[in-house]
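Have a look at the structure below before the remarks.
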Amino acid sequence: MERNNIRRQVALMRQSLFTQGYLDEQFVQLEELQDDTNPNFVEEIATLYYRDSCRSLQTIEKSLEKTPHDFNKLDNHMHQFKGSSSSIGAKKVKAECQQFREYCRAGNGEGCMRTFQLLKKEHATLKKKLEAYFQMARQAGPIETASRPK
Amino acid sequence: MNLNNGRGSMSTASSSGAWKSGDVVPDQFPAGLRVLVVDDDPTCLMILEKMLRTCLYEVTKCNRAEIALSLLRENKNGYDVVISDVHMPDMDGFKLLEQIGLEMDLPVIMMSADDGKSVVMKGVTHGACDYLIKPVRIEALKNIWQHVVRKKKNEWKDVEQSGSVDEGDRQQKPCEEPDYSSSANEGTWKNSKKRKDEDDDAEDRDDTSTLKKPRVVWSVELHQQFVGAVNQLGIDKAVPKKILELMNVPGLTRENVASHLQKYRLYLRRLSGVSQHQSNLNNSFISSQDASFGAMSSLNGIDLQTLAATGQLPAQSLATLQAAGLGRSTAKSGIPMPLVDQRNLFSFENPKLRFAEGQQHHSSGKPMNLLHGIPTTMEAKQLANLHQSAQSLGPVNMQVNAHGVQNNSLYMIGQPQSRGQILNESSGTHVPRLPSSIGQPMVSNGIPSGVIGRNGISDVGRGTGYNPVPQNSSMLNFPLNNTPELPGNSYTLGSTQGMSSLTPKGSFPDEVNSEIKRSGGFVPSYDIFNELHQHKSNDWNLQNVGLTFDASHHANSIHGSLDSSGLVHQGFSSNQRSAQSRNPSNVGKAMFPMGAASTDHGHAQNSGQHLSNGLIVDNPVRIKSERHSDASQNNFFHDQYGQEDLMSALLKQQGGVGPSENEFDFDGYSLDNIPV
């Protein structure tokens, strides 16, 4: 009973992540890769992503502090960051990345900085949500950690 | 795809050349397809790996293009398809694509988050089989096997057309449905594979005309000839046609030479341009068979070239050295490529060693022997030595110490030139070329520890044959006195655990000894360290070390130098290692040139620095006898210093050594007599 409740909650949480636009189809792809040999695959990937992306963000932040802005470099960094964010299905984060790159191409330093703040926020928000989700999923037990909504 | 999990493993044949037995494969195909994934983003890499595994492929992943290239080179037939990211920090994905196409002719799939038309077009023009947009979905990966089959089919057809399907067992049977690779393989694939497997010596050359893409195997000898020809013509004037003529190898085409030349040039450029990349430089070049190219040739060639360029090494000498080096390298082929990287740093040192040998050629005036004594593998020591030899390098030399790093970087720093040399050295077998000429900042001061100590030394030790370019003898004179800050340089040399190439203490006995004798003292590195060491007392100037080992200026230095010198030999590395671990601080000290040791004996480790590099410790016996007083430079190179022994000996001495005179057990070290 308890378990069922938890499971239901997990499912709901998951669903909302999608409907609210935090995650996209790519996340489902990851879930599908999860199997018995890798029961925590998605969580592992998310952890890896966050560890790596924090570093990237710091690099970008440092670059942003230097003026005049080296848009080329910023664009390159962001391209990388966007690639990894998209591979885990971080939809909102990806959108901000895209916006940032456009500002870079336009040479709009102000826009870049603003977008970067938004990006960091999205990045942190998603992190919290995923952590909560994974934690609950673990509680629910192995069986239902990743239900594929399809 | 019908993946028979059950037998999947079988067909996968991960073993290279798995597709040989076509019969077995087909059913499982594409299961077991051997994929190499290259992407610097760890998240993507992990996801891709999982996806590919789910497709029942055999996955190897790496996050650096250089590593990927070396993996591919090591095992030419170990992979069926490569997937690479476009944007990578160390090498552009398209460049990697080109290289793979040139060398291995494998299907390469590019991928990127960038879906702009121009980028995709670039992929096409560079020869990519396919272009995937990130994020990659598993469905896209499921079908990558088609590229493998297609390629094989095309090759097969070509082979057939050419009529000579090659002598091997190419089962010609064009099973036109080549089951996937098995038949296709046979055509060109297998043939070349076979050929290659059977003889390293470019047997393929002969088949060039018959095969669509006869892969010439650039064996050591062949490469040697190539480099010799290039040197003869002068790197700037070397054109494929002339090189081909000079080489006079039947079956070799101008195209083969041209593409090889291109790679060689890239290699040279990389060597000169990348001081910091210690490792990368030679990695690519040093792949297994091609290793000869890389290891030896590149090192030799490059170094020689560089050296030659700098004027230090006359072209002839270069050729000789190269030949020698190459020759030796073959012998030593043990040198693992990775060493190279490190070695590069060390090559710095190595060159010195070689230099010593080369001395004979070059009359640099200084007893280049420095290098001689220096075992190619000398890791840290060598570097130190190199530094010394790098005297000519001038400022660099001492720099090594500056960093005091236990890392190998020490070496590098000091010797800008060493870089070039180190590169040479890295090849492991090359005789350490005196970096002097190179002038390239080899070891930029910050060189990571790993660099020098590790590989560099090994090369040095190995350097067989490569006569170190007598770098302008000045190398030897490293002004150790400068006491470059080598504070405890981390004799990376010794410490390099990586020194695989380094023959364990004494591995190079023959070389070292001979070298030492010649040079009498080589160990430039010691000097350097000495300087660092605080023992300034010793005149460590590299001069002592390399040149004449003025007998040990300081007992302390002896530590270091002993290590280095000894290390130079072979034990160098081993010693170093031990030494290093012992006293990082000593590292610097240890450097002091053996030569110095000869003079001072006392120094031996006085400072406790004992470079314990092992060298010294190693042959306490030797050292004792030597008592550096004679400044026999050679002494340092004991080849087999048992590091521990030396260290202990030194250490012991250290304790008592207050004054330079000390009772360093270095006695044995007196440079003068290093029994070589």
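Backbone N, Cα and C define each Cβ position, glycine as well.
What you see is a predicted model, and the numbers here were worked out from it, not measured in a lab.
Range with TrEMBL annotation region 'Disordered', chosen from B:278-298, B:404-424, B:509-529, B:656-676, is B:656-676.
Around the Cβ of B:Asp85 (4-aspartylphosphate), a 10 Å sphere holds 25 further Cβ atoms from the protein chains shown.
With helix defined as DSSP H, G or I and strand as E or B, the domain 'HTH myb-type' (B:212-269) counts 38 helix, 0 strand, 20 coil. The helix, strand and coil residue counts that DSSP assigns across the domain 'Response regulatory' (B:34-149) are 53 helix, 24 strand, 39 coil.
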